[in-house]
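Per TrEMBL, these features apply:
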type	residues	note
COMPBIAS	142-200	compositional bias 'Basic and acidic residues'
DOMAIN	54-99	domain 'CWF21'
REGION	133-200	region 'Disordered'
Amino acid sequence: MYNGIGLTTPRGSGTNGYVMRNLSALRVHETAADRAAAWDVAPPKHREPDEAILEHERKRKVEVKCLELQLQLEDDGLDEATIETRVDELRTTLNKDLASLAPSAKKLKPSDTHGIAAAKKAELDKMARALGTRSNYTEGDAFDREKQEENKMRRMVEREERERKREEDKSKWLEQKQKWEADKRERDRLRRREEDRIRR
């Protein structure tokens, strides 16, 4: 053993115990252009789940539960009409909330690729909400000066628009308040006049 590499004893290993370089392996030499191009590779895209396949899977589970109930009722010895009505009732109640039949991510089989993709999408959405990332975020935008200037101008225009709308709302509210106060003064004046008339 040399520098923690190799066998402590060569006995039973079928080797002589010496660490040697593999001379048969071909070394691949990457050019500088290949190494530079590796940075331009797009990040992996997550495959979108097919909603029709997931819907079909949920409906299949409904039918499996209905068949289980039918077999149980047949074993209990009920007549065909009663069995049919009870199975139809179960089918309608299960079809009302198909979303509850979706299995959890931990119970999915490796062959259920669309279910796994849906669970992964939900997990990524939850993580994005937790971290506060935007849905239109693209990697590397922070280093694009033109894009940053464009975003800055857009934010300034949006801020000015919000300020203008706030000022308009404030002026409308002040007009409404002045109108309410004028109405209140008019009502008070009429009330006092009526009280004076009654006193006389």
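Keep in mind that glycine also has a Cβ here, set from the backbone N, Cα and C atoms.
Taking H, G and I as helix, E and B as strand and the rest as coil, DSSP gives the domain 'CWF21' (54-99) the counts 42 helix, 0 strand, 4 coil. This prediction places the mean pLDDT of the domain 'CWF21' (54-99) at 90.
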